[in-house]
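Here's the structure we're looking at; comments come further down.
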């Protein structure tokens, strides 16, 4: 075993039997980017001077939050038994929002390193990604990471892992990504256990896109895995889903900085540059083939990313609207799953209705808009797409509560998800109670070990998008983990709750909720706004209503001047006259007065926790 290959196989000339394509799959925070760093150092593709932590996570947000958002592919040389091999490592995102990206990255590999934190054990995303890997028939190498931690329990979790995969506990490799212990044996096992790629070198070229990123200077850089045939620079290629034709300006491998090559052969992983400026032209999961000798059959598994969570984003300063539009156009270049359309709100002005893959995606997009483009934004409460069937059989898709049709509705269907919750067994009751409150149905339950349990629920997506995850964490002292997967839709008894200020509807506060929860939502919103709206010269009623029926009401008391201050003693009729006069004035003011909702009230009322906490603080101070 040589720690580093002396003469690494050159791209385009590598025999498939010398290639090993693998990815690292793990739950968030189980240390896959750190392990990738050690591999880069050991194989010598990054020298010690240029090394920095989480080398492959390029975005500031990725580095700060410690999460991987975009997949990366790196070619590393490794010598084993006197033979030099080329290992292609694909670093995958670990978060549930990016499951489609993970599934495409897995389809580009023959094997997967299943990484589990030796201090925390198996988590929900570990399971989800493991099942994805099994669906793709990958060879799985179980690895326990962070064995240098004092809290590590490698023996206990090795047994859990072995039971899950069906291997011996001794087959689980012990590794520390931080110190580098056990990484060399892991690289040897990758060469030994993971099969070499198989493909027909003489067939028409077929390559699968598993990621694409936008580079300011070079346009879109597309990452591909060649399945059959080979690709060479300067030839014309076709994208099979869009039939768009491009010329290959450059082709090469990442090691981990881009290295141009003479082409890519069967089983190789690399990048293509065609000079295209829009990421939507090279869709993740699409098949690339040669234009002169095209393949007739595309690779399976491609689908368009479908937004699952919608939210309105509005600039706090209305004049920033064109800047927000430009910023979204730029982000879209790098994020093919982002969809948006302009919309206007009576309360918030001009903005955009944006579709996201999930809540993390929403947070990241919003944070990038605020940070990279210096925008101040308000986002409305996240909602999911509903399908409303009217009595005249028309079907309307509603992504914004204010578009919810009034009148004769035959049926409303909402998206549902299959959720997997992993938690210590002492918290079963707390988790079940939470899921039942959120209209969940228990589908099954398994004990992974005597103190860890896996619960499978079918839950409406709308119940998860708001604060389900926070609630789950707080009820289980942070030990539970959640993974979910879209599972069709179901009919539900849903209504739209409107919030009226002085009889006028405020569209930003409208929400679609289940009929049983409508009263609770109405009372909460009215109470929250009562604390947030400043007192006016006249009384302001805050009402929550379903259609024309008011279900909750609060009043913001009027500020009044003490008109009797100048009456020292005197007759009661004099006082009454002054009070009546004031009352008349207030009444007149109420008829013509308009309630201005301050910007802070919008922000606080639309963010679930901040407002509640503020209101609690106020009440506590009283």
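Keep in mind that glycine also has a Cβ here, set from the backbone N, Cα and C atoms.
Annotation source Swiss-Prot lists GTP binding site at 29, 30, 31, 32, 33, 34, 145, 146, 147, 148, citing sequence analysis. The local packing around residue 33 (GTP binding site), expressed as other Cβ atoms within 10 Å of its Cβ over all shown chains, amounts to 24.
Per Swiss-Prot, the feature domain 'tr-type G' maps to 17-198. The predicted model assigns the domain 'tr-type G' (17-198) a mean pLDDT of 75.
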Residue 31 (GTP binding site): secondary structure state under DSSP, collapsed to three categories: coil
Same-chain residues at least 6 apart in sequence whose Cβ lies under 8 Å from residue 145 (GTP binding site): 26, 30, 31, 32, 35, 115, 116, 117, 118, 175, 176, 177
Three-state secondary structure, residue 145 (GTP binding site) (per DSSP): strand
Local Cβ density at residue 29 (GTP binding site) - other Cβ atoms counted within 10 Å: 16
Max CA-CA distance, Å, over listed GTP-binding residues 29, 30, 31, 32, 33, 34, 145, 146, 147, 148: 17
